[in-house]
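Have a look at the structure below before the remarks.
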Amino acid sequence: MSEIADWQPSASIANLLKKAKIVSNIRRFFADRGVLEVETPMMSQATVTDIHLCPFETQFVGPGASQGLKLYLMTSPEYHMKRLLAANSGPIYQMGRCFRNEEAGRYHNPEFTMLEWYRPCFDMYRLMNEVDDLLQEVLDCEASESLSYQQAFLRYLDIDPLSADKEKLREVAAKLDLSNIADTEENRDTLLQLLFVSGVEPHIGLEKPTFIYHFPASQASLAEISSEDHRVAERFEVYFKGVELANGFRELTDAKEQRLRFERDNRQRVAMGLPEQPIDERFLAALEAGLPECSGVALGVDRLIMLALGVERISDVIAFPVYRA
């Protein structure tokens with residue numbers, strides 16, 4: 001008889017049945033709003049340049065690639081979905097597998113389900129409202145509240161994140177007993193992220209979902225810079241019961257600016273001893289052809305269902321997490 005004891009799913013069959021129903025309801029939510037479901041590749045010849053993301057790599061050795069064609073498992077379907085938008089797809093969503101060669105734990109699995117959708121003609125606030133509608137439907141929770149990134153820092157840390165210098169940020173870190181990390185950190189955004197995780201996140205989204213919006217422009221990623229305040233980006237995140245659920249943008253449409261951001265990311269990667277990543281030229285070509293003004297958001301489905309079912313770990317809603325795969 002086999003000595004392997006962990007062959008069974010980590011999630012109960014009852015939870016998997018509830019998960020299937022929630023997934024079905026999510027699809028109905030978008031069908032009722034006329035949003036097209038799409039499928040895009042799970043592998044690509046290019047990948048993200050983000051210094052915080054680590055993709056899985058593989059090789060295709062089939063016909064036409066005898067020397068091996070390097071491919072990356074997708075950390076997000078974003079680039080391919082924006083190529084569809086540039087081809088006049090209209091509003092689209094996708095619920096599929098993504099892969100990140102990073103953490104595995106209470107809220108993380110290297111293979112996970114992402115819900116991502118894009119809304120032409122939506123500004124950031126209108127998309128935030130739609131995310132709120134979905135959360136209320138799936139979680140049966142109260143309507144959300146919203147705080148700007150600046151308001152959140154002022155409320156919980158009594159510091160303005162848009163103007164404070166690194167020395168001031170280190171002073172606040174010391175009050176949170178984080179000097180051992182902050183005193184040697186030279187990157188201002190890393191210091192801000194340290195303070196946000198330790199001094200802001202524990203206070204937000206406890207009773208109702210909380211949107212944090214207008215992140216510093218230096219953390220724009222693929223978001224537009226605000227036309228009203230060039231210190232901030234049109235970017236938001238959503239938190240509920242200690243869990244980061246979603247990350248959204250009013251999407252950057254300028255191909256030249258996007259290339260500059262990718263190149264800046266790669267310079268940072270090299271400085272940090274990380275591999276330089278290939279830039280997705282097809283994605284940039286789509287931006288050059290014309291990405292419509294739009295907003296988009298990526299939401300972690302496993303985390304959402306974990307909250308909906310009131311369980312403690314995403315392994316309670318995934319049949320076979322990485323250590324049982």
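One is the number of the first residue shown, and numbering goes on along the chain from there.
Every residue gets a Cβ built from N, Cα and C, even glycine.
For the substrate site, Swiss-Prot gives Ser76, Pro77, Glu78, Tyr118; the one candidate out of Glu251, Glu257, Glu263 that the record lists there too is Glu251. Going through Gly34, Gly300, Gly310 against Swiss-Prot, the one listed in the ATP site together with Arg100, Asn101, Glu102, Asn109, Glu244, Leu245 turns out to be Gly300. Max Cα-Cα distance over the annotated substrate binders (Ser76, Pro77, Glu78, Tyr118, Glu251) is 15 Å. The ATP site in the record is lined by Arg100, Asn101, Glu102, Asn109, Glu244, Leu245, Gly300, and its two most distant CA atoms lie 19 Å apart. With Gly300 (ATP binding site) as the anchor, the candidate binding-site residues are Ser76, Pro77, Glu78, Glu251, and the one with the nearest CA is Ser76.
Comparing the binding-site residues Pro77, Gly300 on other C-beta atoms within 10 angstroms of each C-beta gives the minimum for Gly300. Spacing of Tyr118 (substrate binding site) relative to Leu245 (ATP binding site) is 17 Å (Cα to Cα, whole number). Sparsest Cβ environment among the binding-site residues Glu78, Glu102, Glu251 (other Cβ atoms counted within 10 Å): Glu102.
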